[in-house]
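This structure is in structure tokens; I'll ask about it shortly.
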Amino acid sequence: EHEDTDLLLQEQLEGQDYGAAAADGTQCPSVSVSRNSPTKKDCLVVAVLCFGNLINFIDWFIVPGILLDLQKYFRLSDGETGLLQTVFTLCYMLAAPIFGYLGDRYNRKIILGAGIFFWSGVTLGSSFITESHYRIFVLSRGLVGIGSASYSTIAPTIIADLFEEGKRTTVLSIFYIFIPVGSGCGYILAAGVAESTGDWHWAFRVTPCMGGLALLLLILLVPHRIQRRTAAHRALSISGTIQREVPDEMPDVHRAAKTTWCQDVGSLAQNCSFVCSSLGLTAMAFVTGALGVWMPLFLYRAQVVQGIVPPCLQESCNSSNSLIFGAITIGTGILGIIAGAEAARRLRKINNKADPLICATSMFTSALCLYIALMVAQTNILSTFIFIAFGELFLSVNWAVVTDILLYVVTPRRQSTAIALQILVSHLLGDAGSPYLIGMISNAVQARNIPSLQWSFQSMQYSFVICAFVGVLGGGFFLLTSFYIEEDREEAQR
């Protein structure tokens, strides 16, 4: 009987927008009741969001998957090649705060749909760019970054609305599994299509079709409105009866429109757990950005130096490294995210600081593995692949855990803004600059030495060492987070 009442009340109370309430704050917030398990509708929404996340990251890593072909086609130096991903990431991070602001105030489904349509269209258009229009190609990557920002900023907050804290970590883990899966599929799809067709342009014509399907699923399966499931709302349920009238003095998590964006930012800047974990995520982004763009090319140069493969002189270059690295990214990403979520679930029962400590340990271990991989690359390519796999595995442990930290140390009405700010900072100081920085250091090392295949490899090797040191720095920031996490979590709950 209680379950039937709960479902009836839930149906009657469907009406709260994905975004915040109207600016005048006169609408009564919707109220939901706690349930033991998610409904089929919730699962469908999550499935659609996961599919969109998959496409988002496939698009993100198409360029690294065919980087050698692009470098030859546009006749680019290492620095110019790194600029492609840097422009993408800069536009992505600059657009994120805008979408965070809009996501806290307006309908999130509409914003998601517009983002998918925009980035799919631009990706399709970029497949027709010729070799004399490199700048237009760079601009197209920047525009794709803007479309991707709308998705990465808003989709996690919809999951936060749908699920309470106990289930949220599990669902977020599933959602974030599609970051490495999409990234790996990006390498594999780009390299596979370019090799099978003999033309890298076709690699940019697959994901727009997938984007169209994602947009259709979003329209058909995701409801236009939904209620949030928060502690503040559950407190309104008394003895199976919902209080429909809410006094003005009660906390209202939907009145984000009453606060300015600057006030939200000021409040988040005083949240030590949010600041420190965001800086730790920034270090993660720096390392993953550099690895994602340059690692297949680094492996190719190592194999050339060892005499395993000949230098690429044909129109379409050997793409085996992109395929292998893509498979490693998928496998280690799935294992890492599942392991991170399970470790967090178990260790939280015995240590309230478990989440940041897990992140710190995984960052330190990942940095060590990556350093060893770089040092053995010239002599043993198999060992390089093994240590790269372990390095990526420990990096992947953190993805869902870091996001969950944000969601329980930040109040619900500031979550979209918090995620947008975290995206801004992590990309501005992280993977927005790391591909270009690695490329410029490589250029500088090559410029000081006689051009050769050996120095082409060593220049990239020396450049990559910085990633190991940044990984150690990130582990230190997560350790700092552990000192503040309990206090900030209690404050967010209040």
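Placement of Cβ uses the backbone N, Cα and C atoms for every residue, glycine included.
Just so you know, TrEMBL annotations are computer predictions that nobody has curated.
Okay, these came from TrEMBL:
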| type | residues | note |
| --- | --- | --- |
| TRANSMEM | 43-63 | transmembrane segment |
| DOMAIN | 45-486 | domain 'Major facilitator superfamily (MFS) profile' |
| TRANSMEM | 83-103 | transmembrane segment |
| TRANSMEM | 110-130 | transmembrane segment |
| TRANSMEM | 136-159 | transmembrane segment |
| TRANSMEM | 171-190 | transmembrane segment |
| TRANSMEM | 202-222 | transmembrane segment |
| TRANSMEM | 279-302 | transmembrane segment |
| TRANSMEM | 322-344 | transmembrane segment |
| TRANSMEM | 356-376 | transmembrane segment |
| TRANSMEM | 382-407 | transmembrane segment |
| TRANSMEM | 419-442 | transmembrane segment |
| TRANSMEM | 462-485 | transmembrane segment |
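Set these features in their place in the structure for me.
Using a Cβ-Cβ cut-off under 8 Å and counting only residues 6 or more beyond its ends in the same chain, the transmembrane segment (43-63) has close neighbours at 70, 84-85, 88, 112, 116, 119, 123, 141, 144, 148, 151-152, 155, 158-159, 162, 171, 174-179, 181-187, 189-190, 203-204, 207, 210-211, 213-214, 217-218, 221-223, 226, 292-293.
Within its own chain, the transmembrane segment (110-130) is flanked in space by residues 52, 55-56, 59, 62, 99, 102-103, 136-137, 140-141, 143-144, 146-151, 154-155, 201-205, 207-208, 211-212, 214-215, 218-219, 222, which lie at least six positions past its ends and keep a Cβ under 8 Å from the stretch.
Under 8 Å from some Cβ of the transmembrane segment (136-159) lie the Cβ atoms of residues 18, 45-46, 49, 52-53, 56, 59-60, 63, 74, 83-85, 87-93, 95-96, 98-100, 103, 108, 111-112, 114-116, 118-120, 122-123, 125-126, 129, 168, 171-172, 175, 226, 403, 407, 415-416, 419-420, 423, all in the same chain and six or more residues away from its ends.
If one looks beyond the transmembrane segment (171-190) by at least 6 residues along the same chain, the residues whose Cβ comes under 8 Å of a Cβ in the stretch are 46, 49-51, 53-66, 155-156, 159, 162-163, 200, 203, 206-207, 292, 296, 322-323, 325-334, 336-338, 340-341, 392, 396, 399-400, 403-404, 407.
Counting same-chain residues at least six beyond the ends of the transmembrane segment (279-302), those with a Cβ under 8 angstroms from any Cβ of the stretch are 61, 63-65, 67-68, 71, 82, 85, 89, 183, 187, 309, 312, 317-318, 321-322, 324-325, 356, 359-360, 363, 366-367, 370, 377-378, 381, 384-385, 388, 391-392, 395, 398, 402, 422, 425-427, 429-435, 437-439, 453, 456-457, 460-461, 463-464, 467, 470-471, 473-475, 477-478, 481.
A Cβ distance under 8 Å defines the sequence-distant neighbours of the transmembrane segment (322-344), meaning residues of its chain 6+ beyond its ends; these are 64-67, 169-170, 172-173, 176-177, 179-181, 183-188, 190-192, 295-296, 299, 354-355, 358, 362, 385, 388-390, 392-401, 404.
Nonlocal intrachain contacts for the transmembrane segment (419-442), taken as residues 6+ away from its ends with a CB within less than 8 angstroms of a stretch CB, comprise 77-86, 89-90, 92-94, 96-101, 103, 149, 152-153, 156-157, 265, 268, 274, 278-279, 281-290, 292-294, 403, 406, 459-460, 462-464, 466-467.
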Six or more residues out from either end of the transmembrane segment (202-222), which same-chain residues have a Cβ under 8 Å from its Cβ atoms?
44-45, 47-49, 51-52, 55, 58-59, 62, 65-66, 109, 112-113, 116-117, 119-121, 123-124, 126-127, 189-190, 193-194
